[in-house]
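Worksheet: the structure to be examined is printed underneath.
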Amino acid sequence: MAEPRQEFDVMEDHAQGDYTLQDHEGDMEPGLKESPLQTPADDGSEEPGSETSDAKSTPTAEAEEAGIGDTSNLEDQAAGHVTQARMVSKGKDGTGPDDKKAKGADGKPGTKIATPRGAAPPGQKGQANATRIPAKTTPTPKTSPGTGESGKSGDRSGYSSPGSPGTPGSRSRTPSLPTPPTREPKKVAVVRTPPKSPSAAKSRLQAAPGPMPDLKNVKSKIGSTENLKHQPGGGKVQIINKKLDLSNVQSKCGSKDNIKHVPGGGSVQIVYKPVDLSKVTSKCGSLGNIHHKPGGGQVEVKSEKLDFKDRVQSKIGSLDNITHVPGGGNKKIETHKLTFRENAKAKTDHGAEIVYKSPVVSGDTSPRHLSNVSSTGSIDMVDSPQLATLADEVSASLAKQGL
């Protein structure tokens with residue numbers, strides 16, 4: 001069964017060592033309302049019932065805590081803060097009965113908190129710190145007063161675990177084992193009051209303003225007041241405006257020698273006289289032909305036809321040979337055909353006579369003898385000298401051919 005969430009505020013008074021537990025909701029189970037706040041005795045001894053309540057938690061509380069907690073990590077983190085909250089110093093003086101007020105009485109700084117789950121009723125404030133001890137925490141023996149004092153001034157539980165509702169931050173007698181740094185439960189905002197310790201009061205007394213310094217005997221820096229009453233003399237300078245006396249001024253050397261000189265250029269007069277052209281004569285011979293008229297305009301160009309037949313004569317001797325016919329045209333070019341058979345002769349003289357009939361048609365149709373072959377086989381070339389040369393050429397060519 002889920003429990004209603006409870007929020008607690010833990011306020012520490014460093015001057016007196018008291019802790020105040022405040023229940024914001026006031027909803028608790030009936031079985032957990034009676035959890036008295038036990039304080040150590042004057043002689044440093046404790047009541048037997050308080051030791052057992054501090055060392056252990058009820059089985060029902062542990063069982064319910066194991067079933068109600070959200071996550072194991074959040075419970076482990078809350079367990080570390082609970083064990084640290086149980087540390088209480090034993091060297092303080094004075095003990096008293098259970099206190100139902102918001103703060104403990106003066107002279108009872110060492111209060112020990114019981115650890116059943118739940119909180120005090122709404123009417124009881126500061127009666128007990130209702131905390132849940134996880135199953136992992138084990139009770140440890142009490143420590144010396146010095147260690148308790150250091151534990152009280154050391155850690156402070158400023159938040160409650162969201163996984164374990166109704167578990168406020170409180171102090172324990174024994175130091176808790178170091179928890180892993182990765183386990184960070186969700187923090188709940190807790191209002192904390194500033195520590196009220198004698199040291200803070202002393203610091204306030206020391207911060208009080210001291211007596212004001214005497215500023216009448218303060219001396220100035222070296223040489224800073226020597227010219228304190230000095231006034232600048234620039235304002236006493238007077239600028240006097242005097243008129244210049246130009247009566248005795250003399251000119252520069254030679255500047256007044258020609259002061260009355262008048263430039264003579266202005267006396268020149270430009271006289272305009274008309275030119276008399278009546279006596280002007282012309283240039284040499286310019287008036288001799290003044291009435292001359294050019295005769296070019298009187299020349300007439302006549303067009304006459306030329307009669308070449310009547311008047312034209314031939315060049316010298318050009319008509320003497322007008323009927324001459326050149327004689328080159330009467331020459332004839334003869335063509336002779338070479339025949340090897342007709343002009344050939346046998347290598348051996350067999351005594352036969354070669355007769356050749358020319359193809360040219362002529363009046364003499366009788367055959368003629370080209371050559372007279374002697375008994376010795378020689379040819380008579382007296383009749384035709386051209387044929388003799390041809391015969392020699394033919395014979396030479398035949399000899400080469402092997403005929």
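Cβ coordinates are placed from backbone N, Cα and C, and glycine is handled just like the others.
Copied from Swiss-Prot, the annotated features are:
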REGION    1-219  region 'Disordered'
COMPBIAS  1-32  compositional bias 'Basic and acidic residues'
MOD_RES   Ser35  phosphoserine
MOD_RES   Ser50  phosphoserine
COMPBIAS  90-106  compositional bias 'Basic and acidic residues'
MOD_RES   Arg117  omega-N-methylarginine
MOD_RES   Thr138  phosphothreonine
MOD_RES   Ser153  phosphoserine
MOD_RES   Tyr159  phosphotyrosine
MOD_RES   Ser161  phosphoserine
MOD_RES   Ser164  phosphoserine
MOD_RES   Thr167  phosphothreonine
REPEAT    206-236  repeat 'Tau/MAP 1'
MOD_RES   Ser255  phosphoserine
MOD_RES   Ser314  phosphoserine
MOD_RES   Tyr356  phosphotyrosine
REGION    360-379  region 'Disordered'
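Around the Cβ of Ser255 (phosphoserine), 9 further Cβ atoms fall within 10 Å across all displayed protein chains.
Ser314 (phosphoserine) sits 108 Å from Ser255 (phosphoserine), taking the C-alpha atoms as the reference points. Secondary structure by DSSP for the repeat 'Tau/MAP 1' (206-236): 5 helix, 0 strand, 26 coil.
Counting every protein chain shown, 9 other Cβ atoms lie within 10 Å of the Cβ of Ser314 (phosphoserine). DSSP assigns Ser255 (phosphoserine) to coil in the three-state reduction, placing it in neither a helix nor a strand. Averaged over the repeat 'Tau/MAP 1' (206-236), the predicted model has a pLDDT of 77.
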